[in-house]
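First the structure, in the form of structure tokens, and then the observations on it.
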Amino acid sequence: MADQKHEKKGRFGNLPLSTCGPLECALKGSLVLNDAFFNKGSGFTKQERHDFELHGLLPQNTQTLDQQVQRAYEQYSSRSDDLAKNTFLTSMKEQNNVLFFKLLHDNLKEMFSVVYTPTEGDAIQNYSRLFRRPEGVFLNIHDVDRVLHDLSLWGTQDDIDYIVVTDGEEILGIGDQGCGGILISSAKLVLMTICAGIHPNRVLPVILDCGTDNEELLNDPLYLGLREKRIRGPKYDRLVETFVAAARELYPKAYIHFEDFGLTNARRILEKYRPEIPCFNDDVQGTGCVTLAAIMAALHITKQKMSDLRLVIFGAGTAGVGIADQVRDSIATARGISKEEAAKQIWLIDKPGLLTTGMDNLSSHQKIFAKSKDEWQDKKTDLLSVIQEVKPNVLIGTSTVPKAFTEEIVRAMASHVERPVILPLSNPTRLHEAVPADLLKWTSGKALVATGSPFEPVKGPWGADGAEVEIEIAECNNSVVFPGIGLGSVLCRANLVTDKMLLAAVQGVAELGPALNDDTAPLLPGVEVVRNVSVRVARKVIQAAVEEGVATVKDIPTEVEDLDEWIREQMWDPVYRPLKYVDMKGASRQARGEMRVVGTLEGRPGFLKPRSMSYA
């Protein structure tokens with residue numbers, strides 16, 4: 001059965017991405033059953049079985065989507081381990097989009113770690129051994145002249161909304177995985193659909209295969225990617241440039257999401273293209289955004305402002321500097337000051353100690369946060385000494401140094417601030433700088449804590465007259481922020497993703513922090529309510545885009561309730577919409593089952609012929 005809200009058109013039902021009313025379908029018989037977008041399996045109604053010639057192809061009993069989910073969940077639960085469950089879900093996605101996403105939607109808290117980290121990391125490591133069928137675009141660094149042609153086969157300029165691209169070099173903390181990185185592009189797109197309603201037939205996963213430095217893969221006879229050392233330098237840059245140019249020419253409305261590029265490339269690629277196209281890098285920007293949202297929620301509880309922030313970050317690598325950048329930009333915007341001035345409220349500490357101007361080999365991104373060599377010449381620069389000197393109200397760990405936040409350090413911080421904000425974010429759990437139970441014990445329950453991995457609630461005698469209190473721990477999960485940023489940018493067809501749009505997204509997440517109403521609740525909303533969070537984030541992003549003049553869609557509603565309805569109307573939901581048969585002649589590409597199906601464009605009206613093709 002279709003969800004009632006999808007059965008008939010509402011006032012925004014004529015929008016191109018509207019999800020209400022019947023779905024037109026020009027396929028019949030086995031073609032319908034083999035199309036993951038249209039397939040309902042045992043859920044086809046009696047009338048649909050007649051209209052689409054399905055009698056004899058299905059068992060007689062028509063079942064509801066909920067009944068199908070129950071059966072699918074039982075099959076899922078019977079799998080022996082998480083990797084087998086991941087493989088089962090991948091197979092289901094290839095057969096029935098609605099059932100896959102409905103199963104995931106109804107069990108998101110349980111299944112999130114299976115469809116994403118850490119289990120997806122296991123699937124990526126075993127990509128060449130678990131390989132069944134390819135998904136997405138594989139672009140070879142030795143065939144740069146084919147990039148435009150190979151990308152052009154996936155749709156027309158109106159068919160693709162969201163592209164996730166990786167080069168597979170730095171995957172989910174497990175390093176270089178070569179062509180197996182295509183699975184992180186696919187997994188990220190699954191999150192975009194389940195968390196923000198991006199249409200699953202309007203997305204494109206891409207891998208830039210540049211070789212791999214992973215010796216295990218190079219020595220594996222079953223490895224499917226380029227069996228050579230990773231190629232860098234001008235040839236690599238040409239591939240990236242060619243990909244971006246081709247994607248923009250072919251799919252000018254698409255948002256490009258860079259994912260899990262190597263440390264040396266992630267930031268420079270983002271900085272190169274961010275002023276030119278609508279793009280985002282979750283590793284550089286997403287972590288900073290969700291961490292800033294946790295900080296904002298905590299400051300609301302402590303009744304402080306961004307101008308009051310004194311932040312120490314332990315671990316000055318990509319993640320730490322990315323967070324520092326996001327916080328710095330927010331301070332600058334909130335106070336109306338320069339980024340250089342805002343950076344004075346942030347102290348970065350790495351292996352040599354506090355970053356100062358006297359250090360060699362600081363990156364250009366670290367230098368803006370380096371403190372005066374002369375000012376710190378006669379002072380100790382270890383973490384404890386810096387905390388005692390600068391008296392921060394927020395401490396973040398991105399160091400991957402286990403138990404770095406010792407009892408002495410935490411008590412030193414708590415001695416000068418009533419409610420210290422402490423965020424040990426290193427992953428996996430064994431690399432956390434501290435565990436929440438210790439942080440709360442050492443601060444008598446006063447610390448406001450968020451972590452990089454999920455933790456169980458902590459109980460302690462922190463209530464009135466020593467009463468036991470249970471405190472829930474927030475997880476700084478990027479998935480509560482990046483889907484809404486992407487959704488808002490897609491719906492308003494933003495031609496750039498600006499600092500103000502990102503800050504607006506952060507504010508949207510922070511506003512929904514459960515701790516704002518109860519300080520024993522988490523600082524951030526959880527993934528189980530992420531679709532509602534994405535609506536709020538998308539609204540904030542769209543409003544900022546309109547204000548900045550980068551939104552290109554006309555007639556976007558200005559009233560909050562209207563805008564939320566406008567957003568929800570265009571979010572794909574895992575429900576069975578009624579199917580309406582239409583003749584193949586004159587049917588849309590979606591109705592013909594041709595979205596993201598290579599080989600369906602040649603000779604069609606409006607097919608975009610690439611200008612340059614080479615078959616070297």
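Cβ from N, Cα, C; glycine included.
What TrEMBL says about this one:
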ACT_SITE  Tyr116  active site, proton donor
ACT_SITE  Lys188  active site, proton acceptor
BINDING   Glu259, Asp260, Asp283  divalent metal cation binding site
BINDING   Asn427, Asn477  (S)-malate binding site
DOMAIN    93-274  domain 'Malic enzyme N-terminal'
DOMAIN    284-546  domain 'Malic enzyme NAD-binding'
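Positions of the features from TrEMBL, shown on the structure.
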residue : record                             : Cβ contacts under 8 Å, 6 or more apart
Tyr116  : active site, proton donor          : Ala187, Val190, Leu191, Ser479
Lys188  : active site, proton acceptor       : Val164, Pro205, His257, Glu259, Asp282
Asp260  : divalent metal cation binding site : Thr166, Asp167, Gly168, Glu169, Glu170, Ile171, Leu172, Gly181, Ile184, Asp283
Asn427  : (S)-malate binding site            : Thr117, Gly173, Gly452, Ser453
Asn477  : (S)-malate binding site            : Val290, Leu524, Gly526, Val527
Site with most surrounding Cβ atoms, counting all protein chains shown within 10 Å, from the binding-site residues Glu259, Asp283: Glu259
Segment confidence, the domain 'Malic enzyme N-terminal' (93-274), expressed as mean pLDDT: 95
Near-site residues: divalent metal cation, ref Glu259, Asp260, Asp283, CB cutoff 8 A to centroid: Thr166, Glu170, Ile171, Ile184, Phe258, Phe261, Ala266, Asn281, Asp282
